[in-house]
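Undergrad: The structure under discussion is supplied below as structure tokens; questions concerning it will follow.
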């Protein structure tokens, strides 16, 4: 074969191969078009929302993922999951002991990292996850602006949330709303957060729903409008929230607001025999919401508000048991008071909680009767109704040689199971006023959940050494 014949043969072969490749490409394109236009598709769907794979993994807000491959390019089409309002249909699980749930070691880590100064922490869950919440002071522990963070109210505070058991940092915290008093809860569809800000005599609350401001409430007594400092609870979209405006050492005006999708359905003044209400810790079960609160005026026993979210009504009383759970407090008496404050708190108090479930009742309190140190859980059957009830079992959470602080209840209402697992957190305050060699006041968090087993015990201190900050 001469050179010219070789060239012609090679060219013809290349032309045939090229033609075959073009035909394969046209066939592939036709098949893909046919698949996308096949009659069995559901063409009535609304316009889908496209996201990348990393959003699907992190947020977990979507389902029904369809992936079609065209020429090595992934096109991901997703639909937003439809969620319903959560209903409080279950009762509490039997509580025999408490296991560790979360601990952020924020002050220890903050000795050498950009950890935010916080206080008034809590835990709240949604259908996808549980997160830590707290009121930030707008500075880090090591920052110079941490000087003076012992003060509760300023223009620099904000409700933030961050992943469970991580410390709150500039990088992992999400701002929910701006203010120095807060509550937040998920109704099954989305989250409602409430923040209060402003001067003492003219504060106001902004109610956020689905990350947008929906409603505002102005002060009614012009004396530090304030709310729960832990999560609220929702039933069938109705989310009651307890507010107080007025004196911390005398009569005040408490209201229970009923919200749905961030809008006010109704509000009512405090009813029942409780004389003073602050900083309620709430939980829900069997279509009822129970809130254990703080009587800062007179009571060393804790007031309780029981709310019917269906009828949107409530009543109040005190925990009858002589096992007193506020701080400061006197030694436990022989007989408690159901409808009156038990004296001895010297116009002071601390946020606390309880699970009031007949023989399955547990009360939380500081171990010290004079200062915010130590923490223990006590099983006190029928504490709500029996004025002579006594502890039958206990578990130490924080030793009396270690600092504690506020405490409150929370539950994961979306966890699997036939009952709700009771959970709580304890604020571990460090810095001023007790440790005045440093200029700041902050905290870490430890949280526990109930077990039906009789588990071994351990204590859970904050663990930071103040001398490392000097």
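Placement of Cβ uses the backbone N, Cα and C atoms for every residue, glycine included.
Straight from Swiss-Prot, here's the annotation block:
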- 1-14: topological domain 'Intravirion' (TOPO_DOM)
- 11-33: region 'Involved in apical transport and lipid raft association' (REGION)
- 36-89: region 'Hypervariable stalk region' (REGION)
- 36-470: topological domain 'Virion surface' (TOPO_DOM)
- 42: N-linked glycosylation site (CARBOHYD)
- 52: N-linked glycosylation site (CARBOHYD)
- 63: N-linked glycosylation site (CARBOHYD)
- 66: N-linked glycosylation site (CARBOHYD)
- 87: N-linked glycosylation site (CARBOHYD)
- 92-470: region 'Head of neuraminidase' (REGION)
- 93-419: disulfide bond (DISULFID)
- 119, 153, 278, 279, 294, 372: substrate binding site (BINDING)
- 125-130: disulfide bond (DISULFID)
- 147: N-linked glycosylation site (CARBOHYD)
- 177-195: disulfide bond (DISULFID)
- 185-232: disulfide bond (DISULFID)
- 202: N-linked glycosylation site (CARBOHYD)
- 234-239: disulfide bond (DISULFID)
- 280-293: disulfide bond (DISULFID)
- 282-291: disulfide bond (DISULFID)
- 295, 299, 326, 348: Ca(2+) binding site (BINDING)
- 320-338: disulfide bond (DISULFID)
- 423-449: disulfide bond (DISULFID)
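Set these features in their place in the structure for me.
TA: Computed over the region 'Involved in apical transport and lipid raft association' (11-33), the whole-number mean pLDDT of the model equals 59.
The DSSP secondary structure for residue 87 (N-linked glycosylation site) is coil.
DSSP gives residue 419 (disulfide bond) a coil state; it is part of no helix or strand.
DSSP gives residue 278 (substrate binding site) a strand state.
When other Cβ atoms within 10 Å of the Cβ of residue 125 (disulfide bond) are tallied across all protein chains shown, the result is 19.
Using a 10 Å radius centred on the Cβ of residue 147 (N-linked glycosylation site) and all shown protein chains, the other Cβ atoms total 12.
The C-beta environment of residue 195 (disulfide bond), restricted to residues of the same chain at least 6 apart in sequence and closer than 8 Å, consists of 158, 159, 176, 177, 178, 179, 181, 182, 205, 206, 208.
Following the DSSP three-state reduction, the secondary structure of residue 232 (disulfide bond) is coil. In this view, residue 232 (disulfide bond) is surrounded by 26 other Cβ atoms within 10 Å of its Cβ, with every protein chain counted.
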Undergrad: Highest Cβ count within 10 Å among the disulfide-bonded residues 93, 280, 320, 338, 423: which residue is it?
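TA: Sorting the candidates by Cβ neighbours within 10 Å, the top entry is 280.
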Undergrad: Find the shortest Cα-Cα separation between residue 185 (disulfide bond) and the recorded positions 147, 202, 278, 338, and name the residue that gives it.
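TA: Smallest Cα separation from residue 185 (disulfide bond) among 147, 202, 278, 338: 278.
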Undergrad: Can you tell me the CA-to-CA distance separating residue 299 (Ca(2+) binding site) and residue 293 (disulfide bond), as a whole number of Å?
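TA: Counting only the Cα atoms, the answer is 11 Å.
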Undergrad: May I ask for the distance between residue 320 (disulfide bond) and residue 326 (Ca(2+) binding site), taken between their Cα atoms and rounded to an integer number of Å?
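TA: Here the two Cα atoms lie 13 Å apart.
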Undergrad: Can you tell me the CA-to-CA distance separating residue 93 (disulfide bond) and residue 449 (disulfide bond), as a whole number of Å?
TA: 11
